[in-house]
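Under the heading active site, Swiss-Prot lists E143. Annotation source Swiss-Prot lists Zn(2+) binding site at H142, H146, E219. Marked as transmembrane segment by Swiss-Prot: 4-24, 36-56, 150-170, 193-213.
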Amino acid sequence: MMRIFLFLATNLAVLVIASITLKLLGVDRYTGQNYGSLLVFCAVFGFAGSLISLFISKWMAKMSTRTEIISQPRTRHEQWLLQTVEQLSREAGIKMPEVGIFPAYEANAFATGWNRNDALVAVSQGLLERFSPDEVRAVLAHEIGHVANGDMVTLALIQGVVNTFVMFFARIFGNFVDKAILKNEDGHGIGYFVATIFAELVLGILASIIVMWFSRKREYRADEAGAQLAGTSAMIGALQRLRAEQGLPVHMPDSLKAFGINGSLKHGMAGLFMTHPSLEDRIEALRQRG
């Protein structure tokens, strides 16, 4: 998922904007007096950004990738794509999602939507042109696995929890700086405001490590689902083809890379912020699974 990721940046922006708004309205001076009410208050704002993003995810995905939804197939490839997704969805026990193709040379695909029965699965033009039918089917099975596992909803809920505690502990830190260090006894001063914003940025980046860890775990689960639906050898073959094309630039919007099959490759500390495990690790996990 992401290069210091639009998804993370969006959530941090929500927190910062919320903090500025609360300061300007003077609300913080009341919520900061009681930790119980503060936690509830932060939960409302913390979940707002992630849940709004979840509910508009299909619309945003279509707009940002210029995905063309297949309503009436015009070619045999589109007909095959619809039939394959329909078959995989039926086997996974979910409602047929919308199916689309987005114009990109790199081989990639993504799934999104606010619930498992109102989803979108889209593949890149490059994937359809260069991958074999078995490999494309395995990629589609992986994305159907994301939908069937409810990964989009779970990720949004985890992000909401993370946002809540980032806002909560940032305000506790801001209050400590304002009262204990700056000795401000007259409401919340500028020290509280600056310290809170600083803490939100730092804690938000640290907390994103938790979100990225979960994202990597769910990739393994989606690979397992793909192997169950399309066969282990086909799933491994698709991942090997993706590995062969790993040097190609990825043009998918950062907000959707978390839900694509092919993630960015990072090493060292940057690996903590990867949305996907390495393709080598994913292939090895499938081989061990048998």
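For all residues, glycine too, the Cβ spot is worked out from N, Cα and C.
Among residues of the same chain six or more beyond the transmembrane segment (150-170), those with a C-beta under 8 A of the stretch's C-beta atoms are 7, 11, 14-15, 18-19, 38-39, 42-43, 45-47, 49-51, 53-54, 57, 111-116, 119, 196-197, 199-200, 203-204, 207-208, 210-211, 214-215, 218, 221-222, 258-259.
A Cα-Cα distance of 10 Å separates E143 (active site) from E219 (Zn(2+) binding site).
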